[in-house]
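See below for the structure under consideration.
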Amino acid sequence: MGDTDSVLGRLVGSPRARLAALLAPSGGLLVALLFAPLSFMVAVSFARVSDASRIIWHPTAANYTALVDATPFWSTPFVTSLLLSVGIAAATTVVCLVAAYPVAYALARRDRGRRVVFFLVLLPFFTMYLVRVYSWYLLFGDGGVLNDIATVLGVGPVDAFGFGVPAIVVGLAHAQFPYMLLTLYAGIEAVDFDVLEAARDLGASRRAVFRDVLLPLTLPNVVAGSLFVFVPAFGSFVAPRFLSGSTVLLVGQLIAGRIDSFNIASASAAATVVVVLIAAAFGVAARYTDASAGGDH
Amino acid sequence: MSPRQPDASDADAPADTTSDAGHPHSTVGRRSFLAATGAAASATTLAGCLGGTTGTPTINVLTWEHYARDDVAAAVEDAVDATVNVTKSISSEKMFAGWQAGKDQQFDIAIPNNNYVPKFAAAGLAAPVPVSDLDSYPAIYDFFKNAMDTQLAVDGTPYGVPIRFGYYGYGYDSRAVPDHDPSWSVLFDGIDGVDLSSAVALYDNHFKAMSAAALHLGFRDAFDGDRITLSESQLGAVTDALIDQKQSLLSGYIAGDASFVKGITKGDFHVGHTGRMNVTNMRADGTDWIEMATPTEGALSWFEAAVVSTQTDHPDLAWEVVNEYIAPETGATLAREGHAPSVNPETTAHLSERRTELYGAIDPARLADMIPSKAVANEDAWRAAWERVKTA
Amino acid sequence: MASPSTRSRLLGHALSAWTVAVLAVLWLPLVVIIVLSVAENAATILPFTGVTLAHYQATLQDGALLGSVANSATIATLASVLATAVGVPASVALVRYDVPLSNAFRVAVVLPMVVPGVVLGIGVLISIRTLPGITPGFVPTVLTHAVYGLPFVVLLVSARLAAVDDTLADAARDLGASPLVAFRDVTLPAIAPAVASGFLFAWVRSFEEFVRAYFVSGTTDVLTTEMYALLAYGTAPKLNVIATLVLFVLAVVLAVAMTAGDVVSAVTAGE
């Protein structure tokens, strides 16, 4: 694509200047409100904070060593909450994937009712997340609607309907589901189904076609959708609080709690570790999707 | 709204029933007259805004919802020549943060919890209390006079005026929990012969929850002195007790009064850590199965205290409004609306017997038993312990 | 053993049933809230004691709550306008130019979506606390939300740009149209649905965003921080009402958007 193709491009002189004019506003916004604050946070994570909440710029790794300062090291609140966050985010991702793939497939293969289904999927997505969490708070719990119904049906109070990790996973999956569905739909819709038919005609079983053809073709979307579910779930803050009766502490809550107690340096260190882990996950995933995305479009 | 006195100069002879014989309003009235005319003269733009019909200044108050009730505002406005404009807040922290961010210009009065008064004072937001100008001050419980001189004071000068008080115990659903001896141990060990597994709620607050556990473990001594001090081994025992509770009796941690009401009504738990005011509120709303227990090991008390902004244009009038909140009749109205007792025992003269029993006078000896909320000596260690409990 | 056509029909039924079940779960919490918004006993569904509009009345009289709705709408509008204004040129650059390090820029633009809200919120908070003259409040919230909305705009618009044939714009310029006119008359109409979708997404994301606002909004009350307070410290009835009203407004907006423009393909073309 040559730069003469561009319309806006002719507004300014050299290609370099044109690019600058087009990218500077968004770049500036990103630098000012993403890179600068995050860099500052990383810097603070290596500083000390005085009793009067003033930052003392004296380099130290103490905030990091404190994160793993226990025997065994994974028994610190930070590592414990980090592992729990990973577990809950992974469970949420699996729930979304299993729930969404068949729906995305059905939507991609059938025209009938597609618009209505999309409307019904997008509307909850557009409803306020806090409100949905509140609604799950009413549904779950020993005295929640689900247990009321279970009791009426005579199956008694069900443990899984109480507050706790299952409730958190349901609440988070509900919140992130549309990201997964839309991403999977885009991938499945782009698949040439004649290829699948051909494989079937040649005697391949449905399972084999799914495993050997459809899944590999849509793998980049599976990975992308999973990231869109996993990352917000990993850093979640509201759902774990209200859907566990505040009995668990995910890493996002732990960081927020340390900010609330003016423990800025230790919160920054924990947040920096989280960012590095997420960046690493993205690096791996990006490599993977790029490598396999070739045949997709 | 209430009928207001038409002319500020009438203040010496209040036209309505708010004047009670024992409390001359003359001093206050003259001051408010001066303040009101002064404001009208100096602030012509303000008069323009008001359409020039009145010189009554507005006192802006940032505080809890009960103060915004019509009856309370009317009672104050009947007694003081000011329009009282109350903005609701949900936490002392929000009040403090707001004032720090510049809302001290906008508000004349804030009424946070007692432990926030020194913060307001240290930040230069609160003016010293002109104690001798407060007509109702002499009538308040000695307990609170003492508090003004100690925990509400900086270098011996008081910066806040106590208004209402209460204490934390636990409430329970009497349909599920039988009568029992009130003790913090009910929240940690349960009651013999009663299944309380996953039926207990504790405040989601390291200070309140750990204090309850400490009192349950008999560490009453830790609450004596200027600061609450738990030794390292006591802190360890408190942490263990909370972790044990979490794995057996705990249903969940609750954010505040509303969460208590929602949870115990919904049936998520049957015993919950809460303030007395919250339970009296529920009973007043017709919930007859809720009971309050005051643990014999001791209970943490709280009180609200009014501060006046150093930036106010009407300092005298603002203190007059503060005084009115603890005056016998307005104090009684406030107690009735908020179901929390006033620091002024004379309010009981204006409350029915049933109401007095619920939230009127309290035996001063009982006050002495209570543990005033105060700062924790090793805050960081408490917070670290709380993180361990939460991640256990 | 079932015949292949029977099995394929069974599979079709299973897919339909699964879709219906998933939709039912998606809608369950919303139904609960709508029902509770008119229930006398707003705390829980059972026992159901009767229908009332009292909660609506109380909500519509709550000046502070309505003020926070207005604040949120203003912030969402400014933030999404800003996100769109900087996001569309960036998309043009990324799609129409050979941008050096374009992949890096593409990743950078998506980052606001993947950095957890807690992390970004505290990052911005501790930065502005340290900078003199800036306090948490309205402007930081608008800017933080603009960055949050940026990925939605760029992803949707650049996907659309990539699909649009730009020879028409070339033709327009060859016929003497100025670059700006060619963009306005040819390219912009072609990408308008995606721009609108991006704006809509950015708006909704901002309007319902909580964690970032919780840290950077300071004393500016926005709807989500107000709702969080209601959730933790306050009463439920108003929450149900606000949620129901927001749901209906968004339903209308979304229905109009889906009829007027192809929101679905705009949204899903991102991959």
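Keep in mind that glycine also has a Cβ here, set from the backbone N, Cα and C atoms.
What TrEMBL says about a protein is an automatic prediction, not a curated fact.
The feature domain 'ABC transmembrane type-1' is assigned by TrEMBL to C:69-260.
Marked as transmembrane segment by TrEMBL: C:12-39 (among others).
The list of residues near the transmembrane segment (C:75-95) in space but at least 6 beyond its ends in sequence, with Cβ under 8 angstroms from a Cβ of it, reads 102, 105-106, 109, 138, 141-143, 145-150, 152-154, 157-158, 161-162, 191, 195, 198-200, 202-204, 206-207, 220, 222. Annotation comment: TrEMBL describes C:75-95 (among others) as transmembrane segment.
The transmembrane segment feature in TrEMBL is assigned to C:107-126 (among others). Same-chain residues lying 6+ beyond the ends of the transmembrane segment (C:107-126) with a Cβ under 8 Å from its Cβ atoms: 90, 94, 136, 140, 144, 147-148, 150-152, 154-155, 209-216.
Feature annotation from TrEMBL assigns transmembrane segment to C:146-165 (among others). Sequence-distant contacts of the transmembrane segment (C:146-165) (same chain, at least 6 residues past either end, Cβ-Cβ under 8 Å): 78-80, 82-84, 86-88, 90-92, 94-96, 109-113, 120, 187, 190-191, 193-195, 197-199, 201-203, 205-206, 209, 212, 266-267, 269-271.
For the transmembrane segment (C:239-261), same-chain residues at least 6 beyond its ends with a Cβ under 8 Å from one of its own Cβ atoms are 30, 33-34, 36-37, 42, 55-56, 58-59, 65, 69, 192-193, 196-197, 200, 204, 223, 227, 230-231. Per TrEMBL, the feature transmembrane segment maps to C:239-261 (among others).
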